[in-house]
Amino acid sequence: MKVLLANPRGFCAGVDRAIEIVKRTIDMLGTPIYVRHEVVHNRFVVDDLKQRGAIFVEELHQVPDGATVIFSAHGVSQAVRRQAAQRGLKVFDATCPLVTKVHLDVARHCRTGRDMILIGHAGHPEVEGTMGQWDQERGTGRIYLVENIDDVATLHVAQPHHLAYTTQTTLSVDDTRNIIDALRQRFPTIQGPKNNDICYATQNRQDAVRELARECDLVLVVGSPNSSNSNRLSELAQREGVASYLIDSAAEIDPAWVIDKHHIGVTAGASAPQVLVDGVLARLYELGATSVSEHSGKPESMVFALPKALRLQLVD
């Protein structure tokens with residue numbers, strides 16, 4: 001039984017930045033430090049940060065007045081930002097810069113009075129934050145959420161000829177392409193972003209798992225169940241005709257999965273650390289793996305800067 005590792009896999013620049021913001025804020029200010037929502041969607045990472053003193057909450061009313069709060073990599077609405085300011089909270093923003101780019105795009109269309117369509121998953125924190133960039137007081141248009149092609153077919157917008165779209169950054173590239181095609185067919189004058197809003201890390205990891213699936217009869221994706229991009233990786237492998245399972249750690253591997261399997265692919269979502277992948281490899285060796293090789297993949301060199309206050313602390 002041979003194991004093939006996808007490349008790239010695991011942490012992206014936005015996740016690296018978000019985790020580092022929490023760690024450095026704790027080092028700089030001490031505990032408690034509050035984090036609104038899981039800073040990234042990975043149980044192992046969140047548990048580690050809890051042990052360091054981070055307190056995770058879902059809403060700002062759970063944060064004491066004047067305390068320090070970190071916004072997660074998924075971003076927050078303008079209403080949350082206003083609430084934090086009104087309560088005198090010290091804020092460090094771990095929103096991924098690629099999510100911020102989408103937020104700025106939504107705000108720009110709002111100012112022009114254009115209607116806006118967001119392609120995304122209802123209830124996902126990134127979607128809630130992006131929808132919350134729409135300021136009815138500063139624009140006359142509306143924002144709509146579509147999750148699939150069926151939503152496009154039944155969508156009624158107020159301004160079909162004054163319309164734009166954007167996307168959640170962690171969606172399936174293939175699914176998003178199909179939805180965009182449906183939008184363009186129904187609304188021929190709709191405007192889109194200059195560049196695809198699916199983030200570079202999402203696309204690279206999906207390309208890598210597609211290549212992996214061509215050579216394997218089983219693909220294991222390391223990632224937590226609430227990780228959007230990790231779920232898309234497992235779904236993509238399945239669409240390529242390969243059995244695939246999303247696992248939080250090596251402990252979730254069922255030995256029955258690897259019976260009569262000759263090539264097992266392993267990848268990890270953008271919020272899953274390499275230590276979890278290492279654990280999966282060790283478990284596969286126990287189950288009979290004879291070798292591990294790694295695809296060359298697409299190199300990633302993206303690095304996002306920390307907030308200025310944390311950079312200054314490093315210099316000091």
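Cβ atoms here come from the backbone N, Cα and C positions, even for glycine.
Small disclaimer: the values here were computed from a predicted structure and weren't measured.
Listed in Swiss-Prot:
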- C12, C96, C199: [4Fe-4S] cluster binding site (BINDING)
- H41, H74, H124, S227, S228, N229, S271: dimethylallyl diphosphate binding site (BINDING)
- H41, H74, H124, S227, S228, N229, S271: isopentenyl diphosphate binding site (BINDING)
- H41, H74, H124, T169, S227, S228, N229, S271: (2E)-4-hydroxy-3-methylbut-2-enyl diphosphate binding site (BINDING)
- E126: active site, proton donor (ACT_SITE)
Reduce the DSSP letter at N229 (dimethylallyl diphosphate binding site) to three states and note it down.
helix
I need the nearest neighbour of C199 ([4Fe-4S] cluster binding site) among the binding-site residues H41, H124, T169, using C-alpha distances.
T169
Local backbone state of E126 (active site, proton donor), from DSSP in three classes:
helix
For N229 (dimethylallyl diphosphate binding site) and C96 ([4Fe-4S] cluster binding site), the CA-to-CA distance in whole Å is 14
Would you mind sorting out which of H41, H74, S227, S271 (the binding-site residues) have a C-alpha within 10 A of the one on C96 ([4Fe-4S] cluster binding site)?
H74
Taking the residues H41, H74, H124, T169, S227, S228, N229, S271 listed for (2E)-4-hydroxy-3-methylbut-2-enyl diphosphate, what is the greatest CA to CA distance in Å, to the nearest whole number?
15
Closest to H74 (dimethylallyl diphosphate binding site): which of the recorded positions C12, E126, T169, going by Cα position?
E126
T169 ((2E)-4-hydroxy-3-methylbut-2-enyl diphosphate binding site) versus S227 (dimethylallyl diphosphate binding site) - Cα distance in angstrom:
12
Taking the mean position of the Cβ atoms of H41, H74, H124, S227, S228, N229, S271 as the isopentenyl diphosphate site, which residues outside that list, in the same chain, have a Cβ no more than 8 Å away, listed in sequence order?
V40, E126, T170, N226, S230, G269, A270
Among the binding-site residues T169, S227, S228, S271, which residue has the largest number of other Cβ atoms within 10 Å of its own Cβ?
S271
